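Visitor: First the structure, which I've put down as structure tokens, then a few questions once you've had a look.
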Amino acid sequence: MATANFGKIQIGIYVEIKRSDGRIHQAMVTSLNEDNESVTVEWIENGDTKGKEIDLESIFSLNPDLVPDEDIEPSPELPPPSSSSKVNKIVKNRRTVAAVKNDPPPRDNRVVGSARARPSQLPEQSSSAQQNGSVSDISPVQAAKKEFGPPSRRKSNCVKEVEKLQEKREKRRLQQQELREKRAQDVDATNPNYEIMCMIRDFRGSLDYRPLTTADPIDEHRICVCVRKRPLNKKETQMKDLDVITIPSKDVVMVHEPKQKVDLTRYLENQTFRFDYAFDDSAPNEMVYRFTARPLVETIFERGMATCFAYGQTGSGKTHTMGGDFSGKNQDCSKGIYALAARDVFLMLKKPNYKKLELQVYATFFEIYSGKVFDLLNRKTKLRVLEDGKQQVQVVGLQEREVKCVEDVLKLIDIGNSCRTSGQTSANAHSSRSHAVFQIILRRKGKLHGKFSLIDLAGNERGADTSSADRQTRLEGAEINKSLLALKECIRALGRNKPHTPFRASKLTQVLRDSFIGENSRTCMIATISPGMASCENTLNTLRYANRVKELTVNPAAAGDVHPIMHHPPSQIDDLETQWGVGSSPQRDDLKLLCEQNEEEVSPQLFTFHEAVSQMVEMEEQVVEDHRAVFQESIRWIEDEKALLEMTEEVDYDVDSYATQLEAILEQKIDILTELRDKVKSFRAALQEEEQASKQINPKRPRAL
């Protein structure tokens, strides 16, 4: 009898069901549950099999063709019930209700005749029916069903599970709300980025901190790359900027970059970088020096070449690291790497094994600005960089000052820092626009014994200013961009022991050529980063650059990478090659090689721009040199012409001789000045070519190096 209640529903057939979100679709019947008069159905959604338990009433309401047929004959006194009433009675599965309705109910028990009686009234209905003797017309099964009446709709297991999940969800939401309220009390709610602040704090709470300490061992590296984080400065604190840099261990740096989804939901993208050493904002200069530059001091006493670079955005702490602590605008040079390295050099000189060498210590300090070299110890005199027949790079006119103690070094540093070129950029109001190179040179009987070069590089955000409307700004950005690319490739070549180093691609690497060549050369790079969220992009650029420098040194399998040669359309520069004779110069070859090795960072348009700038700088130097030679020649012409004029004052001077000599002087003047004029015209054409190339720059990655 119970199976008949399911009507035409069978296991394996498909029925229409209604989901909780209102969707109606088909599902397959997998079981019939007689105990609670329900069926279990399953369907496939998004590749997953899902199931649900549904009562018969819901099934029959959506699938009326599955309703069971009436198997009890209606009373002959009553007309056949209509199809609608039949369906309504069967839906409730109470087929005895029709017989009960046939007898008029007692007046004191009107509820019995109602097919929609509430469950609380059903016991009274049952007792009243028994008192009136109506039970004799009903079968025992029907009587039992009538005694309990139409039961309330029983909850399926799925519904119970959903209710449990909903209850847990509400409880969890309440806890989260309480937690948010508690956090709001702990943080400054007026900070527009307090949500990001809470995310960063929660993330840091899950980290295991093991920072670098002075007790950690110093590893031997031919190329050492480390990162130093500075604390938030006064301006950033006033602006309520957030610290988005975390250094959980001695060699790991994490950047919490704030991002925003399409629905304006904010979230963090945590990026991790690994280096040789990572210094947090509590590390003093002495600790940074101990792990970076100090191991290089002994190299120069072993007839080696050492270099230490400070790289990063302006204001990130490069000059603080290299020059010393600041107290307002005054700098304590005794706490910088310059002075610390000089101190150790003089201490090493006193050791017995080095004292017998009778070494002399010299120092130089110069800057490289827009591809030109200036002596900071000689009133910023412009210097020339030439390569001799032995392929040794010579900085003509650079003064070397002998130093006897650390105090002498500090005086030279003060003199040089006061002359260094600086200016305003898009990132900072006071940006170092030049590379400052301080060198400690050891000589033995006048011959070079070792050299330690300490370089405070220009702010790397300046390298993004290659499309500026101002030519001087463009040239600054182009030279910084090119020199940083060349520096990276030279360090890579040093780490891989490559046969060729593209040092001629920039003035910086050309001057430091001897530091990248030779078995006894060592390099250290200190990447300084700002912790503020406002500097996040520049910080990521600095970390990516430093990571690429070290990344390839530990991956020798990539040494055989071959990059296709870039082809560029002919330009006006190519037309000038024949006249100027610099088309196949070593500088241009190294520049092309440099751009080919960095195709992911240098677009063809940017390469054309760098090529135009290099060509223009070479032509500028040649025009200035020729102009200087013409000027010197003009002085001689004046003397010759003065002698001719004095000759004409004589009574019987030789007119033929006068005319011949004057004509010779004029022809010489015309030839030299015509040649200079042609070069000036070509130089102006190169200036226009550079301006056109700057307007077509479309770098593949719109960021500074």
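Using N, Cα and C of the backbone, Cβ positions are placed for all residues, glycine too.
What Swiss-Prot lists as region 'Globular' is 1-216. Per Swiss-Prot, the feature phosphothreonine maps to Thr96; the stated evidence is similarity to another entry. Annotation comment: Swiss-Prot describes 122-139 as compositional bias 'Polar residues'. What Swiss-Prot records for 158-186 is compositional bias 'Basic and acidic residues'. Annotation comment: Swiss-Prot describes Gly312, Gln313, Thr314, Gly315, Ser316, Gly317, Lys318, Thr319 as ATP binding site.
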Visitor: What mean pLDDT score does the region 'Globular' (1-216) have in the model?
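Guide: Average per-residue pLDDT within the region 'Globular' (1-216): 67.
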Visitor: Below 8 Å Cβ to Cβ and six or more residues apart, same chain only. Which residues does that give for Ser316 (ATP binding site)?
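Guide: Ser316 (ATP binding site) has long-range Cβ partners Arg230, Thr528, Ile529, Ser530, Ser535, Asn538, Thr539, Thr542.
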Visitor: Through the lens of DSSP with three states only, how would you label Gly317 (ATP binding site)?
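Guide: Once the DSSP labels are grouped into three classes, Gly317 (ATP binding site) ends up as coil.
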Visitor: Would you find the one among the binding-site residues Gln313, Thr314, Thr319 whose Cβ has the most company, meaning other Cβ atoms within 10 Å?
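Guide: When each Cβ's neighbours within 10 Å are tallied, Gln313 tops the list.
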Visitor: Under 8 Å Cβ-Cβ from Gly312 (ATP binding site), six or more apart in the same chain: what's there?
Guide: Lys318, Leu457, Gly459, Asn460, Ala527, Thr528, Ile529, Ser530, Thr542
Visitor: Taking the Cβ of Gly317 (ATP binding site) as the reference point, list residues of the same chain whose Cβ is under 8 angstroms away and which are at least six residues distant in sequence.
Guide: Arg228, Arg230, Thr528, Ser530
Visitor: For a quick check of packing: other C-beta atoms within 10 Å of the C-beta of Gly315 (ATP binding site), how many?
Guide: 25
Visitor: Within 10 Å of the Cβ of Lys318 (ATP binding site), how many other Cβ atoms are there?
Guide: 27
Visitor: Quick one: which residues besides Gly312, Gln313, Thr314, Gly315, Ser316, Gly317, Lys318, Thr319 have a Cβ within 8 Å of the ATP site's Cβ centroid, in sequence order?
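Guide: In sequence order, the nearby non-listed residues are Arg230, Ala310, His320, Gly459, Thr528, Ser530.
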